[in-house]
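Asker: For reference, Swiss-Prot lists these features for the protein:
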DNA_BIND  9-79  DNA-binding region
DNA_BIND  95-163  DNA-binding region
COMPBIAS  162-172  compositional bias 'Basic and acidic residues'
DISULFID  Cys23-Cys45  disulfide bond
MOD_RES   Cys23  cysteine sulfonic acid (-SO3H)
MOD_RES   Cys45  cysteine sulfonic acid (-SO3H)
MOD_RES   Cys106  cysteine sulfonic acid (-SO3H)
REGION    71-102  region 'Disordered'
REGION    162-210  region 'Disordered'
REGION    165-180  region 'Required for chemotactic activity'
Amino acid sequence: MGKGDPNKPRGKMSSYAFFVQTCREEHKKKHPDSSVNFAEFSKKCSERWKTMSAKEKSKFEDLAKSDKARYDREMKNYVPPKGDKKGKKKDPNAPKRPPSAFFLFCSENRPKIKIEHPGLSIGDTAKKLGEMWSEQSAKDKQPYEQKAAKLKEKYEKDIAAYRAKGKSEAGKKGPGRPTGSKKKNEPEDEEEEEEEEEEEDDEEEEEDEE
């Protein structure tokens, strides 16, 4: 999918997200020219939040309640656009295409970015993640690449078993097309099926990111 619906209400923020936003504003006022070390900043915010009293947290909880009320009110009046993607139905039992190393990295780091930049758009979040990934050293990327390789290996085994099962079931149902052309066309059909699966899964991954 491309960009999400611009008319969709902005998501509600938690009390902690409001607290982090306040911390960022304070930091910008004190150090307008310095850049923020994301990992250190997140750690300091988390530690500070844990030591705060219930009374200190209450103002952020009030902000979160107000924002939730705003979100619920806007969602009642929100009408999602009609005629969204209507593809063919996918077999829910089909193995899901494995994520890439970059996708695993994004899944891990996206929540942190949302906390630090609560108002950031989907496109800007993706851009930020891309920049963070490119700054990672080969050593830092290695755990994600190893995990992705294992998931890919498992997927290849699962999809082979799934297709073998599908063929045996199709055989039981009887001839669905002229037998003379079956062997010749099978490899091409498999490639077409795989391409369709990949395209649909790519779209699903983009939806998940939204």
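Glycine residues also receive a Cβ, built from the backbone N, Cα and C atoms like all the rest.
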Asker: What is the Cβ neighbour count of Cys45 (disulfide bond) at a 10 Å cut-off, with all protein chains included?
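Answerer: Taking all protein chains shown, Cys45 (disulfide bond) has 20 Cβ neighbours within 10 Å.
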Asker: Fewest other C-beta atoms within 10 angstroms of its own C-beta: which of the recorded positions Cys23, Cys106 fits that?
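Answerer: Result for the recorded positions Cys23, Cys106: minimum number of other Cβ atoms within 10 Å at Cys23.
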Asker: Taking the region 'Required for chemotactic activity' (165-180) alone, what is its mean pLDDT?
Answerer: 61
Asker: Distance between Cys23 (disulfide bond) and Cys106 (cysteine sulfonic acid (-SO3H)) at the Cα atoms, whole Å?
Answerer: 24
Asker: Taking only the Cα atoms, work out how far Cys45 (disulfide bond) lies from Cys106 (cysteine sulfonic acid (-SO3H)), in Å, as a whole number.
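Answerer: Cα to Cα, Cys45 (disulfide bond) and Cys106 (cysteine sulfonic acid (-SO3H)) are separated by 21 Å.
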